[in-house]
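Annotated features in TrEMBL:
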{"type": "TRANSMEM", "residues": "B:9-28", "note": "transmembrane segment"}
{"type": "TRANSMEM", "residues": "B:34-55", "note": "transmembrane segment"}
{"type": "TRANSMEM", "residues": "B:67-89", "note": "transmembrane segment"}
{"type": "TRANSMEM", "residues": "B:95-115", "note": "transmembrane segment"}
{"type": "TRANSMEM", "residues": "B:155-172", "note": "transmembrane segment"}
{"type": "TRANSMEM", "residues": "B:202-221", "note": "transmembrane segment"}
{"type": "TRANSMEM", "residues": "B:227-245", "note": "transmembrane segment"}
{"type": "TRANSMEM", "residues": "B:252-271", "note": "transmembrane segment"}
{"type": "TRANSMEM", "residues": "B:277-298", "note": "transmembrane segment"}
């Protein structure tokens, strides 16, 4: 409850700050927000795109949140997502299978690729106590350059050096019934995969011994060790699952929302995953809702930019400011407490006044 | 081989300098006990401010070098102001310093491009001209040393080397430096000795913000030439240099030179026959892999400030 209120207030402050930014730069914030939300919700196609945009964010958000429960800060979701997505793309471009079989293979490849990329920082942390923040950042750049050279060398696109060939229909997460139901949107099976992931992660965290042990390591590493929980094993397992989730995000992005992989950029969803996890207070359901909200901002900004001359980066600014407020939640708590106290004082004064009369 | 080194050296130095100044700033922040992962964002703020100021002033005063210096100064100032967000969150509000730093990175990346689009219509700001490299008179005539250190140098390079010396002096020879380091090692003891831990940590973060801002702007006036909303991971590399350099100024110098060299070798490998035999992917990945190995090697004997990353709680002794 407390977390929900903080998240909602952080969103409110973020939107207010966005309005302030628009006003300062000479735009009408009411108009801006109207088009922003219309752009994400106006019709079924736009709504479908909002959900599709949210899909990779659900995965990376779950990834960061899951690692965080074990006290690990997975800042490498971008690299894990990229490498997982790359593995899935490679499988999709190499194998020739029927669609159901193909999807199982690409999804597995993505999960394993992401898990492998997170295993290294997890192993370094468990074995040598290397801080995962620095090692995951290094892994991000290693993934970046690996894909940068591997894609043009082995999977070069027909026209552009900077992207891979288009995936065959069998390897795409897009299916006709969804595309048609949402009026031509690029929504795809990734969304269902993401919802399943939310349920599975919630189950692992809340209902299994493994989840309990991982949380125990996160709360107090030394106490967990004293209680006989394998701390090092927990760190590695937690990173493996987190990386696998981020890898699935890559599958959803590169074989669902897009139909090939591009070189020369780290997927921004990896870093937005931190934001999603933080706003969703590291709970699976919270992550789902936060991702959909961010998906709305991201998919609506194009429409806003077309209808007004407000730059699309307003959406990123709002998200970033929301995260700052979520990170400084103590500020919000103090504010709320102060307001409550003021009200209590007033009531007391009124009561006293009443008595005096 | 020698010719290769002589060819590469000036470029390696150009790449090293922004990294060095940013990592030096982070050194102050971490020594005072605040981890600053927002370096990337602070560099972006510096690059943006520098580009904007220089872009506007170059219309008035074409080609006058003072414009560039004003741009650098403004970048350092804005970097310092922007870092207050991180300082306030991590010092006064006991926020998780890594999350706060990440927020700084995100805010900087988004808002600068937002403003650039509002002001210039495009997300990029290109400056008309940056600093020009020059050969130092007389000294560049010295054999070997002259070729390496005094040819094709930038004014900013000499400035930052002076700053490095000043940093060494301030950290190890002044009262301020001693107090700052005490806050990062044992803030409770420092407070008991009458040091205002909050003030020292603010100083550390502000210096870090100013230096990172300067670093972003130097990158822009030397090799980049324009603001694009990103500094391509240089901020994170500066953070890695700090750890690689074991939180000591000269260590940081060595680490940033290493990264400068490694990156330059990777960049020129395409045009240099001697390097073409190595697949470029290995050259590009090399610095990051070496950092991972270095982290493993140093993990037993880490010189990290003991209280870095921990919010200060005066009641916890």
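Cβ atoms are placed via backbone N, Cα and C, with glycine included.
When each of B:34-55, B:95-115, B:155-172 is scored by its Cβ pairs under 8 Å to the transmembrane segment (B:202-221), the top-ranked stretch turns out to be B:34-55. By the Cβ criterion (distance under 8 Å, sequence gap of 6 or more), the transmembrane segment (B:95-115) is counted as touching the transmembrane segment (B:34-55), at least 3 such pairs being found.
Between the transmembrane segment (B:252-271) and the transmembrane segment (B:9-28) there are at least 3 Cβ pairs closer than 8 Å, counting only pairs 6 or more residues apart in sequence, which means the two stretches are in contact. Below 8 A, the CB atoms of the transmembrane segment (B:34-55) and the transmembrane segment (B:155-172) form no more than two pairs separated by six or more positions in the chain, fewer than 3 in all. Listed by sequence, the residues of this chain that lie at least six past the ends of the transmembrane segment (B:9-28) yet keep a Cβ under 8 A from its Cβ atoms are 36, 39, 42-43, 133, 147-148, 151-154, 156-157, 160, 163-164, 167, 171, 180, 203-204, 207-212, 214-216, 218-219, 222-223, 234-235, 237-239, 241-242, 245, 247-249, 252-253, 255-257, 259-261, 263-264, 267-268.
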